[in-house]
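K.L.:
Input: one structure, supplied below.
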Amino acid sequence: MSVGFIGAGQLACALARGFTAAGILSAHKIIASSPEMDLPTVSALRKMGVNLTRSNKETVRHSDVLFLAVKPHIIPFILDEIGADVQARHIVVSCAAGVTISSVEKKLMAFQPAPKVIRCMTNTPVLVREGATVYATGTHALVEDGQLLEQLMSSVGFCTEVEEDLIDAVTGLSGSGPAYAFMALDALADGGVKMGLPRRLAVRLGAQALLGAAKMLLDSEQHPGQLKDNVCSPGGATIHALHFLESGGFRSLLINAVEASCIRTRELQSMADQEKISPAALKKTLLDRVKLESPTVTTLTPTSSGKLLTRSPVPGGKKD
């Protein structure tokens with residue numbers, strides 16, 4: 001099995017690192033495409049030994065499981081570009097927020113009668129094999145296809161199948177959740193520094209507190225409210241701190257954050273359905289539609305041993 005990523009950004013980098021660290025895939029079995037080869041994430045993928053190309057079509061040809069790891073509004077243009085190269089063997093996995101299975105299937109069915117499509121939502125902690133992933137299978141995807149994706153994603157954290165109409169809410173909760181946690185941790189560390197702690201120690205203590213709390217919750221069957229109560233002594237420091245958080249609307253802010261992320265996810269789907277995208281974004285993403293300033297394109301070609309090597313064709317294209 002080989003895995004391809006259309007897009008070589010943070011998500012592709014995190015998944016590739018997670019898959020290789022888990023031992024479920026070797027780096028030479030992974031390929032990623034990006035129109036820009038000087039990105040930090042591309043450099044990280046290169047150091048891992050992942051195959052890299054500027055051609056999205058090349059990525060499709062050399063993969064069995066294909067992750068669409070680009071911005072939601074770019075998905076329709078990607079599908080138009082690679083549709084003719086998608087074959088019956090491919091499992092097309094959309095990781096883009098808000099992009100529905102039906103919209104991907106509709107595009108691909110112009111080229112292939114029964115495309116196997118899976119929609120998933122994951123998060124960046126897959127990098128350290130502590131991700132949270134849900135997925136929903138499309139009309140033509142087999143049970144075995146879903147099981148294969150679950151095997152992949154379970155190697156980098158928690159993974160479960162859900163109904164598709166729940167995925168937007170998942171995006172607002174666990175998809176965006178790490179950012180909420182990082183912001184909270186940054187603020188906690190600031191509080192520690194304000195009260196005299198060195199920054200490095202404050203960050204470490206805050207991170208360990210969040211990590212420990214999460215592990216306690218996952219390892220127990222207790223409600224988070226009960227675990228919270230267990231920390232609060234009558235008249236103690238913690239209950240006074242919680243009162244301060246409550247008076248500032250702490251719970252409501254988190255609820256509203258999840259809701260805002262979910263609503264924005266649905267707006268992104270609307271943009272994707274209308275195929276709205278700026279010319280600049282299109283130029284950055286689609287190599288085959290918009291010529292890059294440099295006519296040299298790095299592609300991958302199989303050798304007689306089955307390995308993939310990079311090659312650069314002789315420049316011959318004209319600039320627009």
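Note: Cβ is positioned from N, Cα and C throughout, glycine not excepted.
From Swiss-Prot, here are the annotated features:
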BINDING   6-11, Ser34, Asn56, 69-72, 95-97  NADP(+) binding site
BINDING   Ala8, Gln10, Leu11, Ser34, Glu36, Asn56, Val70, Lys71, Ala97, Asn230  NADPH binding site
BINDING   Glu164, Ala237, Thr238  L-proline binding site
MOD_RES   Ser2  N-acetylserine
MOD_RES   Ser304  phosphoserine
REGION    298-320  region 'Disordered'
K.L.:
Looking at the recorded positions Ser2, Glu164, Ala237, Thr238, whose Cα is closest in space to that of Lys71 (NADP(+) binding site)?
P.N.:
Glu164
K.L.:
Where's the emptiest Cβ shell within 10 Å among the binding-site residues Ile6, Ala8, Leu11?
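P.N.:
Counting other Cβ atoms within 10 Å of each of the binding-site residues Ile6, Ala8, Leu11, the minimum falls on Leu11.
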K.L.:
Quick check: in three-state DSSP terms, what is Ser34 (NADP(+) binding site)?
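P.N.:
SS state of Ser34 (NADP(+) binding site) = coil.
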K.L.:
Within 10 Å of Ala69 (NADP(+) binding site), Cα to Cα, which of the recorded positions Ser2, Leu11, Glu164, Ala237, Thr238 are there?
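P.N.:
Near Ala69 (NADP(+) binding site), where near means Cα within 10 Å, the recorded positions are Leu11.
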K.L.:
With every protein chain in view, how many other Cβ atoms are within 10 Å of the Cβ of the residue listed as 'N-acetylserine'?
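P.N.:
Counting Cβ neighbours of the residue listed as 'N-acetylserine' within 10 Å gives 16.
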K.L.:
Around Thr238 (L-proline binding site), how many other C-beta atoms are within 10 angstroms of its C-beta?
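P.N.:
Summing over all protein chains shown, Thr238 (L-proline binding site) has 12 other Cβ atoms within 10 Å.
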K.L.:
Cβ neighbours within 10 Å, counted over all protein chains: which one of the binding-site residues Ala97, Ala237 has the most?
P.N.:
Ala97
K.L.:
About how far apart, in whole Å, are the alpha carbons (Cα) of Ala237 (L-proline binding site) and Val70 (NADPH binding site)?
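P.N.:
Ala237 (L-proline binding site) to Val70 (NADPH binding site), Cα-Cα distance: 46 Å.
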K.L.:
Taking Leu11 (NADPH binding site) as the reference, which of Ser2, Ser34, Glu164 (the recorded positions) have a CA within 10 A of its CA?
P.N.:
none
